[in-house]
Amino acid sequence: MAGGSHERWGSQLEYLLSCLGYAVGIGNLWRFPYLCYRNGGGAFLIPYLLTLVTCGIPLVYLETFLGQFASAGCISVFNINPLFKGAGYAAVILNVIAIIYFASILSYPILYIYHSFSSPLPWQSCGNYWNTEKCVEITGNYSFIGNGSVTTPEDEFFHIRLLRMSSDINHIGGIVWPIFCCNVICWILVYLCICNGVKSVGKIVYFTVLFPYVVLCALFIRGITLPGAWQGILYFLLPDWNQLAKPKVWADAATQIFYSLGPGWGGLVSMASFNRFHYDNLRSSIIIPLVNSGTSIWAGLVVFSVLGFAAERAGVPVGSVASAGPGLAFVTYPTAVSMMPAPNFWAITFFVMLFFLGVDTMFVTIEAIIAGLLDEFTQLRKRKKLVTLGTCLILFLLSIICNTEGGLHVLGLLDAHVAIACVPVVCGLELIGAVYTYGPKRLAIDVLFTTGRPLKPIWIVLWRYIIPVLLLIITTYSLREASGLAGWSVALISVVCVPIHAARVLFKAKGSFKQRLLESCKPNSDWGPDEPEIRERWKSFQNQHMSSTASMELKK
């Protein structure tokens with residue numbers, strides 16, 4: 001192939017760890033625990049695990065198989081149906097927007113690590129120059145915390161001292177230079193880790209993926225030994241069966257699967273594209289979602305054991321100290337850490353873990369952008385280091401908007417809207433392209449040729465009938481959460497690539513509209529195995545099995 005051959009993982013363990021690093025991220029720590037306790041505790045696990053089995057695992061299996069079979073990134077994988085190729089470009093834009101704010105999030109742990117070497121911890125008490133008259137230390141029964149009458153030193157340290165947060169998104173303000181400097185450090189580290197492609201990423205993930213598990217284990221052991229820990233754990237897991245009657249609980253469970261696992265984002269497709277062609281990806285497609293979900297539950301136990309301790313020390317209910325999003329990681333958890341023995345050690349440990357949880361997600365997200373572009377413009381493969389440097393530089397410049405005084409407002413806007421339309425649309429078009437227009441017979445033949453394993457009918461049933469309905473429900477529910485012109489713009493800016501590219505393809509085609517439509521939905525000449533020798537064997541294998549199937553149907 002012009003432009004050089006496709007890269008390959010050094011071992012399949014590198015692939016597995018990279019996918020785990022991509023799937024297991026900061027969201028497992030600050031999103032899932034809050035959703036679980038808010039939506040019925042242990043009862044929430046029922047819709048969550050059902051969605052995992054019926055939707056999460058099948059989509060991971062399909063995405064990783066398509067990426068591996070065609071050695072294609074998130075754009076070229078749509079050679080299976082060129083009419084839908086705009087969904088690949090939508091996934092690239094989705095990842096670009098996500099990186100803009102995610103890089104800023106990773107700047108926060110770096111800054112917290114720096115401040116964690118101060119003794120006492122700077123967020124432990126009021127009386128500092130940045131504190132306001134509302135600042136109250138949680139040392140007694142302050143059940144009115146959260147009603148706006150008072151704030152905690154941890155809250156003021158994060159929002160006033162570190163972020164210098166403006167009043168709203170209409171006041172962006174100037175650059176917060178400590179956040180900017182940490183953003184620079186983050187991007188330098190990321191570039192050095194990914195500059196050699198999967199060869200370097202595959203080695204680094206041994207540390208960046210496994211280290212957080214070591215820290216989680218230490219934090220879990222420490223957490224359950226704290227007074228009040230079991231109060232927090234019970235608050236997290238105690239089932240409220242009445243919640244299962246609410247549609248929102250089921251929708252939250254399904255949405256969390258997409259945010260956490262990453263189908264439709266392009267990362268899984270890109271990582272699988274570096275696999276050996278005949279690798280049997282079924283087992284890893286089950287392991288990755290199960291480990292990801294298990295980590296979410298485990299992280300919830302860790303977080304709420306510490307929150308239970310903080311609630312007991314403060315004399316308030318656990319619900320008063322539990323929050324979602326950045327507040328859980330950068331306000332609530334530091335509150336609990338400041339009450340523990342050796343607070344500096346546990347603060348440094350927690351924020352180092354938080355950084356590594358996010359950084360390998362960033363590796364794969366950027367790699368998905370680069371892989372998508374290189375697969376479409378193969379002549380650039382010989383200059384991949386330069387392409388990687390240019391991509392990182394552009395993404396860094398875009399991320400500066402989140403280093404401003406209004407950066408947290410921008411972050412919240414992007415995080416709440418970036419994926420609500422794009423991810424379900426991309427997943428839906430993948431399903432239509434692979435199962436409906438390409439066809440279940442040809443897909444089953446490709447699976448047999450690639451892995452030597454027949455495709456079970458249950459996968460076709462899930463892909464063809466169950467998941468499309470779930471995607472429609474998720475999209476309808478998610479779009480209800482969009483708000484304002486800015487929110488709708490962020491939600492739809494990537495999705496517009498789909499109709500624009502489809503119109504371009506149909507315009508170039510010849511014949512009547514129906515002929516153009518049918519022709520544009522057929523796989524193009526680039527679809528299939530990347531290596532010429534395998535490609536020839538695949539064509540022969542496919543023709544042989546299609547002929548056998550046709551003969552059997554004639555006899556019937």
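Cβ from N, Cα, C; glycine included.
Per TrEMBL, the feature Na(+) binding site maps to Gly21, Ala23, Val24, Asn28, Ser260, Asn292, Leu357, Asp360. Taken from TrEMBL, the feature disulfide bond covers Cys126-Cys135. Taken from TrEMBL, the feature transmembrane segment covers 12-30, 42-61, 67-84, 91-114, 172-192, 204-237, 286-311, 345-374, 386-406, 418-438, 458-479, 485-507.
Features as recorded by TrEMBL, highlighted on the structure.
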residue	record	Cβ contacts under 8 Å, 6 or more apart
Gly21	Na(+) binding site	Val205, Thr208, Val209, Asp360, Thr361, Phe363, Val364
Ala23	Na(+) binding site	Ser260, Leu261, Gly262, Ile288, Pro289, Val291, Asn292
Val24	Na(+) binding site	Val209, Pro212, Val291, Asn292, Thr295, Leu357
Asn28	Na(+) binding site	Ser260, Asn292, Thr295, Ser296, Ala299, Leu357
Cys126	disulfide bond	Cys135, Val136, Glu137, Pro153, Glu156
Same chain, outside the transmembrane segment (42-61) by at least 6, Cβ under 8 Å from its Cβ: which residues?
35-36, 237-241, 243-244, 249-250, 252-254, 256-257, 261, 263-264, 268, 281-282, 285-286, 288-290, 293, 297, 427, 459, 462-463, 466-467, 470
Can you count the other CB atoms that lie within 10 A of the CB of Asn292 (Na(+) binding site)?
24
Additional residues around Na(+), ordered along the sequence, whose Cβ is within 8 Å of the centroid of Gly21, Ala23, Val24, Asn28, Ser260, Asn292, Leu357, Asp360:
Leu20, Tyr22, Gly25, Gly27, Thr295, Thr361
Could you say which of the recorded positions Cys135, Leu357 has its Cβ with the most other Cβ atoms inside 10 Å?
Leu357
Counting every protein chain present, what is the number of Cβ atoms, excluding its own, within 10 Å of the Cβ of Asp360 (Na(+) binding site)?
28
Six or more residues beyond either end and a Cβ under 8 Å away: which residues meet both conditions relative to the transmembrane segment (418-438)?
59, 62-63, 66, 77-78, 80-81, 84, 87, 90-91, 93-94, 97-98, 258-259, 263-266, 460, 463-464, 467-468, 471-472, 474-475, 478-479, 481-482, 490-492, 494-495, 498, 521-523
Stretch with greatest number of CB pairs under 8 Å, the transmembrane segment (286-311) reference, 12-30, 67-84, 172-192 candidates:
12-30
Per Cβ pairs under 8 Å, the stretch of 67-84, 172-192, 345-374, 386-406, 485-507 packing most closely against the transmembrane segment (91-114):
345-374
Are there residues at least 6 beyond the ends of the transmembrane segment (204-237) whose Cβ is under 8 Å from a Cβ of it, and what are they?
14, 17-18, 20-21, 24, 33, 36-37, 41-42, 193, 295, 298-313, 318-319, 322, 340, 346, 349-350, 352-353, 356-357, 359-360, 363
Around the C-beta of Ser260 (Na(+) binding site), how many further C-beta atoms are within 10 angstroms, looking at every protein chain?
23
If you count Cβ pairs under 8 Å, which stretch among 172-192, 345-374, 386-406 touches the transmembrane segment (67-84) the most?
345-374
So which residues does the transmembrane segment (345-374) touch in its own chain, when a touch means Cβ under 8 Å and the partner is 6 or more beyond its ends?
3, 18-19, 21-22, 24-26, 28-29, 73-76, 88, 91-92, 95-96, 98-99, 102-103, 105-106, 109-110, 112-113, 116-117, 121, 186, 189-190, 193-194, 197-198, 201, 204-205, 207-209, 211-212, 215-216, 218-219, 222, 265-267, 269-271, 273, 329, 333-334, 337-338, 380-381, 384, 387-388, 391-392, 395
So if I exclude everything within five residues of the ends of the transmembrane segment (485-507), which remaining residues of that chain have a CB under 8 angstroms from its CBs? That is, six or more out.
82-87, 89-91, 93-94, 97, 169, 413-414, 416-418, 420-422, 425, 429, 479, 513, 516-517, 520
